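The feature ATP binding site is assigned by Swiss-Prot to Gly37, Pro38, Ser39, Gly40, Cys41, Gly42, Lys43, Thr44. Swiss-Prot lists 5-247 with the feature domain 'ABC transporter'.
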Amino acid sequence: MTPLLIASDVNIFYGEKQAVCGVNLNVQRGTVNALIGPSGCGKTTFLRAINRMHDLTPGARVTGRITLDGEDIYGPRVDPVTMRRRVGMVFQKPNPFPTMSVFDNVVSGLRLAGIRDRDHLMEVAERSLRGAALWDEVKDRLKTPATGLSGGQQQRLCIARALAVEPEILLMDEPTSALDPASTARIEDLMTDLKKVTTIIIVTHNMHQAARVSDTTSFFLNGELVEHGPTEQLFTSPRDERTEAYVTGRFG
């Protein structure tokens, strides 16, 4: 099966400093893929390259090639805004648009794309909120401010907002690090359901979380991808001694 995402010799620089070195990684469609490693190892830097967020950082530069369904996402004819609709992003801390209602948050991306039909927007909002396991909790509060939701609900709202534009890949950068255990469990369960409709790449410092939710895991260290493979294999019989040292808690 041809991978949905292929990263080939990806290098990322901030000015003269190289933050990611020669990463090669394939991601299959309909899977959850965890990126693990100590702080500053390059995993989030690599994640942000997948939807061209480094375009917004002065002095940042990405070399190599990343293809999404065969298309080079850094190709000269690729519109970064269009690409970011194909590659959704959920950040570490919930970030609903504070001046918008729950409903307006979910459909904001569609409105930016010029979609105005109210019935269609409502249909997408309900589908996305159901997909984020939030509909039953907010269906009577769609016109209320999103900031009135709990932290866990706000994060699921951000997931619904990302799902509304039907991304091919959903990137999640430490999506549960600011949440309580119950909210974390809800989002972990949600990831298992979401891979039926999209592909997920999650950065996490929580190795137990990676083991619970992911199909494959990639271990980053000092800007390099040290090892990538099926999650169970990487945690129980890693090929590289550096991976073993990290997953057994000898460093990191």
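Yeah, the Cβs are placed from backbone N, Cα and C, and that goes for glycine too.
Computed from a predicted structure; not experimentally measured.
Recorded features from Swiss-Prot, shown on the structure.
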residue	record	CB count, 10 Å
Gly37	ATP binding site	26
Pro38	ATP binding site	14
Ser39	ATP binding site	8
Gly40	ATP binding site	13
Cys41	ATP binding site	23
Gly42	ATP binding site	21
Lys43	ATP binding site	29
Thr44	ATP binding site	20
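Surrounding the centroid of the Cβ atoms of Gly37, Pro38, Ser39, Gly40, Cys41, Gly42, Lys43, Thr44, where the record places ATP, the chain contributes additional residues within 8 Å, namely Thr45, Phe220, Leu221. This prediction places the mean pLDDT of the domain 'ABC transporter' (5-247) at 96. Under the three-state DSSP scheme, Lys43 (ATP binding site) falls in the helix class.
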